[in-house]
Amino acid sequence: MRLVLFLNMGGAMNLQDCEVFLKNMFNDPYILGIKNRFLRKFVAWIITKARVKAMQENYKKMGGKSPLNELTQSLCDKLNLKQDEFKFDFVNLYVPPFATEILQKYTLNENDEIILFPLYPHHSCTTVTSSLEILQDEISKQKIQAKVKTIDIFYKNKLYNEMIVSHILAKKNKFDAKILIFSAHSLPQSIIDKGDLYEKHVKDHVEILKEKLKDHFDEFILAYQSKLGPVKWLEPNTSDVLANLNDKALIYPISFCIDCSETIFELGMEYKHLAKCDYDLISCPNDSDEFAQFILKYLSDLN
(Lines of atoms letter the chains of each structure in order from A and count residues from 1; the text may use other names and numbers.)
(Lines give C-alpha, C1' and ligand atoms only; values in the text may rest on other atoms or scores of the structure.)
Protein backbone atom coordinates (compact mmCIF):
# COMPACT_ATOMS: atom_id res chain seq x y z
CA MET A 1 0.00 0.00 0.00
CA ARG A 2 1.07 3.57 -0.74
CA LEU A 3 -0.83 5.70 1.76
CA VAL A 4 -0.93 9.45 1.14
CA LEU A 5 -1.93 11.50 4.17
CA PHE A 6 -2.89 15.13 3.63
CA LEU A 7 -1.97 17.22 6.67
CA ASN A 8 -3.74 20.38 7.77
CA MET A 9 -4.58 22.30 10.94
CA GLY A 10 -8.21 21.26 10.60
CA GLY A 11 -11.49 23.08 10.99
CA ALA A 12 -14.14 22.79 13.70
CA MET A 13 -17.06 20.61 12.62
CA ASN A 14 -19.33 22.01 15.34
CA LEU A 15 -19.31 24.80 17.91
CA GLN A 16 -17.88 22.52 20.62
CA ASP A 17 -14.85 21.82 18.41
CA CYS A 18 -13.90 25.51 18.56
CA GLU A 19 -12.55 25.11 22.09
CA VAL A 20 -10.68 21.93 21.13
CA PHE A 21 -9.12 23.71 18.14
CA LEU A 22 -7.95 26.73 20.12
CA LYS A 23 -6.60 24.68 23.04
CA ASN A 24 -4.57 22.41 20.77
CA MET A 25 -3.36 25.20 18.50
CA PHE A 26 -2.06 27.40 21.30
CA ASN A 27 -0.51 24.38 23.03
CA ASP A 28 1.62 23.79 19.89
CA PRO A 29 5.19 24.96 20.71
CA TYR A 30 5.61 26.14 17.11
CA ILE A 31 2.59 28.43 17.50
CA LEU A 32 2.97 29.85 21.00
CA GLY A 33 6.73 29.46 21.35
CA ILE A 34 6.81 28.87 25.12
CA LYS A 35 9.29 26.08 25.82
CA ASN A 36 7.98 25.12 29.26
CA ARG A 37 5.18 22.64 28.57
CA PHE A 38 3.19 23.41 31.73
CA LEU A 39 3.40 27.17 31.29
CA ARG A 40 2.44 26.84 27.62
CA LYS A 41 -0.58 24.71 28.55
CA PHE A 42 -1.68 27.32 31.12
CA VAL A 43 -1.30 30.23 28.68
CA ALA A 44 -3.13 28.20 26.00
CA TRP A 45 -6.01 27.70 28.43
CA ILE A 46 -6.21 31.44 29.15
CA ILE A 47 -6.17 32.37 25.44
CA THR A 48 -8.76 29.71 24.64
CA LYS A 49 -11.16 30.96 27.30
CA ALA A 50 -10.72 34.52 26.05
CA ARG A 51 -11.33 33.70 22.38
CA VAL A 52 -13.70 30.74 22.19
CA LYS A 53 -17.00 32.67 22.32
CA ALA A 54 -15.96 35.03 19.53
CA MET A 55 -14.82 32.08 17.42
CA GLN A 56 -18.15 30.31 17.99
CA GLU A 57 -20.06 33.43 16.92
CA ASN A 58 -18.03 33.57 13.72
CA TYR A 59 -18.72 29.91 13.05
CA LYS A 60 -22.46 30.44 13.52
CA LYS A 61 -22.30 32.85 10.57
CA MET A 62 -20.77 30.03 8.47
CA GLY A 63 -23.52 27.58 9.41
CA GLY A 64 -21.84 26.25 12.55
CA LYS A 65 -18.83 24.52 11.00
CA SER A 66 -15.78 24.92 8.80
CA PRO A 67 -15.94 23.45 5.28
CA LEU A 68 -12.34 22.21 5.53
CA ASN A 69 -12.97 18.61 6.61
CA GLU A 70 -15.73 17.98 4.08
CA LEU A 71 -13.73 19.50 1.22
CA THR A 72 -10.62 17.50 2.14
CA GLN A 73 -12.66 14.30 2.37
CA SER A 74 -14.18 15.07 -1.03
CA LEU A 75 -10.69 15.57 -2.47
CA CYS A 76 -9.58 12.21 -1.03
CA ASP A 77 -12.67 10.48 -2.42
CA LYS A 78 -12.08 11.95 -5.87
CA LEU A 79 -8.42 10.89 -5.88
CA ASN A 80 -9.23 7.39 -4.65
CA LEU A 81 -11.75 6.95 -7.47
CA LYS A 82 -9.33 8.17 -10.14
CA GLN A 83 -6.60 5.55 -9.54
CA ASP A 84 -5.56 2.59 -7.41
CA GLU A 85 -1.81 3.18 -6.96
CA PHE A 86 -2.32 5.38 -3.89
CA LYS A 87 -4.78 5.41 -1.01
CA PHE A 88 -5.64 8.96 0.11
CA ASP A 89 -6.70 10.03 3.60
CA PHE A 90 -6.19 13.09 5.80
CA VAL A 91 -5.10 14.07 9.29
CA ASN A 92 -5.75 17.27 11.23
CA LEU A 93 -3.48 18.73 13.89
CA TYR A 94 -5.98 20.47 16.16
CA VAL A 95 -9.38 18.80 15.68
CA PRO A 96 -10.37 15.27 14.56
CA PRO A 97 -9.45 13.24 12.65
CA PHE A 98 -6.15 13.06 14.55
CA ALA A 99 -3.05 11.10 13.55
CA THR A 100 -3.61 8.34 16.12
CA GLU A 101 -7.01 7.25 14.82
CA ILE A 102 -6.16 7.57 11.13
CA LEU A 103 -2.95 5.53 11.33
CA GLN A 104 -4.78 2.83 13.30
CA LYS A 105 -7.18 2.37 10.37
CA TYR A 106 -4.44 0.79 8.26
CA THR A 107 -2.34 -2.36 8.58
CA LEU A 108 1.09 -1.32 7.34
CA ASN A 109 4.37 -3.22 7.13
CA GLU A 110 7.90 -2.65 5.81
CA ASN A 111 6.72 -3.15 2.21
CA ASP A 112 4.25 -0.28 2.47
CA GLU A 113 4.86 3.44 2.12
CA ILE A 114 3.40 6.48 3.85
CA ILE A 115 3.63 9.81 2.02
CA LEU A 116 3.06 12.80 4.30
CA PHE A 117 1.62 15.64 2.22
CA PRO A 118 1.10 18.92 4.13
CA LEU A 119 -1.47 21.01 2.28
CA TYR A 120 0.66 24.14 2.53
CA PRO A 121 2.41 25.41 -0.63
CA HIS A 122 4.94 27.46 1.37
CA HIS A 123 7.14 26.28 4.22
CA SER A 124 6.75 27.48 7.78
CA CYS A 125 7.72 25.86 11.06
CA THR A 126 4.19 26.68 12.27
CA THR A 127 2.57 24.55 9.56
CA VAL A 128 4.79 22.12 7.65
CA THR A 129 7.36 21.41 10.38
CA SER A 130 4.72 21.06 13.09
CA SER A 131 2.56 18.74 10.94
CA LEU A 132 5.43 16.49 9.92
CA GLU A 133 6.81 16.20 13.46
CA ILE A 134 3.45 15.18 14.90
CA LEU A 135 2.90 12.53 12.21
CA GLN A 136 6.43 11.16 12.43
CA ASP A 137 6.17 10.94 16.22
CA GLU A 138 2.89 9.04 15.97
CA ILE A 139 4.28 6.67 13.32
CA SER A 140 7.19 5.94 15.66
CA LYS A 141 4.89 5.55 18.67
CA GLN A 142 2.74 2.99 16.84
CA LYS A 143 5.93 1.18 15.70
CA ILE A 144 4.81 1.32 12.07
CA GLN A 145 7.52 -0.18 9.86
CA ALA A 146 6.41 1.37 6.56
CA LYS A 147 8.77 3.63 4.63
CA VAL A 148 7.97 7.32 5.09
CA LYS A 149 8.32 10.07 2.48
CA THR A 150 7.53 13.72 3.06
CA ILE A 151 6.31 16.45 0.72
CA ASP A 152 7.46 19.98 1.47
CA ILE A 153 6.83 23.10 -0.62
CA PHE A 154 5.18 23.02 -4.04
CA TYR A 155 4.51 26.68 -4.83
CA LYS A 156 7.00 26.62 -7.72
CA ASN A 157 5.27 23.72 -9.48
CA LYS A 158 4.20 24.64 -13.02
CA LEU A 159 0.95 22.65 -13.00
CA TYR A 160 -0.03 24.04 -9.60
CA ASN A 161 0.46 27.61 -10.81
CA GLU A 162 -1.35 26.98 -14.09
CA MET A 163 -4.32 25.84 -12.00
CA ILE A 164 -4.20 29.00 -9.88
CA VAL A 165 -4.02 31.23 -12.97
CA SER A 166 -6.94 29.37 -14.52
CA HIS A 167 -9.08 29.83 -11.39
CA ILE A 168 -8.20 33.53 -11.15
CA LEU A 169 -9.02 34.23 -14.80
CA ALA A 170 -12.27 32.26 -14.59
CA LYS A 171 -13.40 34.51 -11.73
CA LYS A 172 -12.18 37.62 -13.59
CA ASN A 173 -14.48 36.74 -16.49
CA LYS A 174 -17.40 37.15 -14.07
CA PHE A 175 -16.02 40.03 -11.98
CA ASP A 176 -13.80 42.27 -14.06
CA ALA A 177 -11.40 43.83 -11.58
CA LYS A 178 -8.06 45.43 -12.41
CA ILE A 179 -6.56 44.86 -8.94
CA LEU A 180 -5.55 41.42 -7.68
CA ILE A 181 -4.84 41.00 -3.97
CA PHE A 182 -2.89 37.95 -2.84
CA SER A 183 -3.93 37.36 0.77
CA ALA A 184 -1.64 35.12 2.84
CA HIS A 185 -2.05 34.00 6.43
CA SER A 186 0.12 36.28 8.54
CA LEU A 187 2.83 35.28 11.00
CA PRO A 188 4.44 37.17 13.88
CA GLN A 189 7.53 39.03 12.69
CA SER A 190 9.50 37.35 15.49
CA ILE A 191 9.04 33.94 13.82
CA ILE A 192 10.32 35.31 10.50
CA ASP A 193 13.26 36.95 12.27
CA LYS A 194 14.30 33.52 13.59
CA GLY A 195 14.76 32.28 10.02
CA ASP A 196 11.33 30.98 9.04
CA LEU A 197 11.14 30.82 5.22
CA TYR A 198 7.43 31.54 4.91
CA GLU A 199 7.59 35.22 3.93
CA LYS A 200 10.30 34.55 1.34
CA HIS A 201 8.32 31.69 -0.20
CA VAL A 202 5.11 33.73 -0.35
CA LYS A 203 6.89 36.67 -2.01
CA ASP A 204 8.57 34.33 -4.51
CA HIS A 205 5.18 32.79 -5.30
CA VAL A 206 3.59 36.19 -5.88
CA GLU A 207 6.35 37.07 -8.36
CA ILE A 208 5.75 33.82 -10.27
CA LEU A 209 2.02 34.52 -10.52
CA LYS A 210 2.47 38.22 -11.37
CA GLU A 211 4.57 37.23 -14.37
CA LYS A 212 1.80 34.92 -15.61
CA LEU A 213 -0.98 37.44 -14.98
CA LYS A 214 0.68 40.76 -15.88
CA ASP A 215 -1.44 41.22 -19.02
CA HIS A 216 -4.69 40.81 -17.08
CA PHE A 217 -4.34 43.15 -14.08
CA ASP A 218 -3.08 46.70 -13.57
CA GLU A 219 -2.01 46.22 -9.95
CA PHE A 220 -0.95 43.35 -7.70
CA ILE A 221 -0.93 43.60 -3.90
CA LEU A 222 0.43 41.12 -1.37
CA ALA A 223 -1.26 41.43 2.03
CA TYR A 224 -1.49 39.33 5.19
CA GLN A 225 -4.58 38.33 7.16
CA SER A 226 -5.57 36.78 10.50
CA LYS A 227 -3.31 38.86 12.74
CA LEU A 228 -3.80 38.01 16.41
CA GLY A 229 -2.64 39.86 19.51
CA PRO A 230 -0.51 42.98 20.11
CA VAL A 231 2.84 41.81 18.71
CA LYS A 232 4.19 42.86 15.31
CA TRP A 233 2.99 40.68 12.41
CA LEU A 234 3.75 40.63 8.70
CA GLU A 235 2.32 43.63 6.88
CA PRO A 236 0.34 45.12 5.25
CA ASN A 237 -2.87 43.78 6.74
CA THR A 238 -5.45 42.62 4.20
CA SER A 239 -8.15 44.49 6.12
CA ASP A 240 -6.19 47.77 5.86
CA VAL A 241 -5.61 47.26 2.13
CA LEU A 242 -9.33 46.73 1.54
CA ALA A 243 -10.24 49.76 3.66
CA ASN A 244 -8.11 51.96 1.39
CA LEU A 245 -8.99 50.49 -2.02
CA ASN A 246 -9.99 52.96 -4.72
CA ASP A 247 -11.29 50.39 -7.19
CA LYS A 248 -12.87 46.95 -7.11
CA ALA A 249 -10.55 43.98 -6.65
CA LEU A 250 -10.23 40.22 -6.67
CA ILE A 251 -8.70 38.35 -3.72
CA TYR A 252 -6.80 35.09 -4.06
CA PRO A 253 -5.97 33.32 -0.75
CA ILE A 254 -2.46 32.33 -1.83
CA SER A 255 -1.38 30.42 1.28
CA PHE A 256 -4.48 28.18 1.50
CA CYS A 257 -5.23 25.00 -0.44
CA ILE A 258 -8.62 24.29 1.16
CA ASP A 259 -11.27 26.83 2.10
CA CYS A 260 -11.68 27.35 5.84
CA SER A 261 -12.89 29.98 8.31
CA GLU A 262 -10.05 32.32 7.32
CA THR A 263 -11.26 32.38 3.72
CA ILE A 264 -15.02 31.83 4.01
CA PHE A 265 -15.67 34.02 7.06
CA GLU A 266 -12.73 36.40 7.32
CA LEU A 267 -12.22 37.22 3.63
CA GLY A 268 -15.74 36.43 2.43
CA MET A 269 -17.80 38.04 5.22
CA GLU A 270 -15.94 40.00 7.89
CA TYR A 271 -13.81 42.16 5.60
CA LYS A 272 -16.82 43.06 3.43
CA HIS A 273 -17.84 45.54 6.14
CA LEU A 274 -14.39 47.15 6.10
CA ALA A 275 -13.82 47.40 2.35
CA LYS A 276 -14.00 50.80 0.70
CA CYS A 277 -14.76 49.22 -2.71
CA ASP A 278 -16.42 46.04 -3.87
CA TYR A 279 -14.32 42.88 -4.14
CA ASP A 280 -14.85 39.22 -4.92
CA LEU A 281 -13.14 36.18 -3.45
CA ILE A 282 -11.60 33.38 -5.50
CA SER A 283 -12.04 29.91 -4.03
CA CYS A 284 -9.09 27.79 -2.93
CA PRO A 285 -8.14 24.76 -5.06
CA ASN A 286 -10.32 22.58 -2.76
CA ASP A 287 -11.56 19.38 -4.41
CA SER A 288 -11.32 20.68 -7.98
CA ASP A 289 -10.37 18.35 -10.82
CA GLU A 290 -7.31 20.52 -11.55
CA PHE A 291 -6.02 20.21 -7.98
CA ALA A 292 -6.53 16.45 -8.03
CA GLN A 293 -4.67 16.28 -11.35
CA PHE A 294 -1.77 18.30 -9.92
CA ILE A 295 -1.51 16.03 -6.87
CA LEU A 296 -1.40 12.82 -8.93
CA LYS A 297 1.20 14.27 -11.30
CA TYR A 298 3.28 15.56 -8.39
CA LEU A 299 3.25 12.15 -6.71
CA SER A 300 4.07 10.30 -9.93
CA ASP A 301 7.10 12.58 -10.39
CA LEU A 302 8.39 11.50 -6.94
CA ASN A 303 9.05 7.98 -8.19
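Backbone N, Cα and C atoms are what each Cβ position is placed from, and that goes for glycine too.
Feature annotations, courtesy of Swiss-Prot:
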BINDING   HIS185, GLU262  Fe cation binding site
- Cβ density check for GLU262 (Fe cation binding site), other Cβ within 10 Å (all protein chains) comes to 21
- Query: Near HIS185 (Fe cation binding site), which residues of its own chain have a C-beta under 8 A away, given they sit six or more steps off in sequence?
  - Reply: TYR224, GLN225, SER226, SER255, PHE256, GLU262
- What kind of secondary structure is GLU262 (Fe cation binding site) part of, going by DSSP in three states? helix
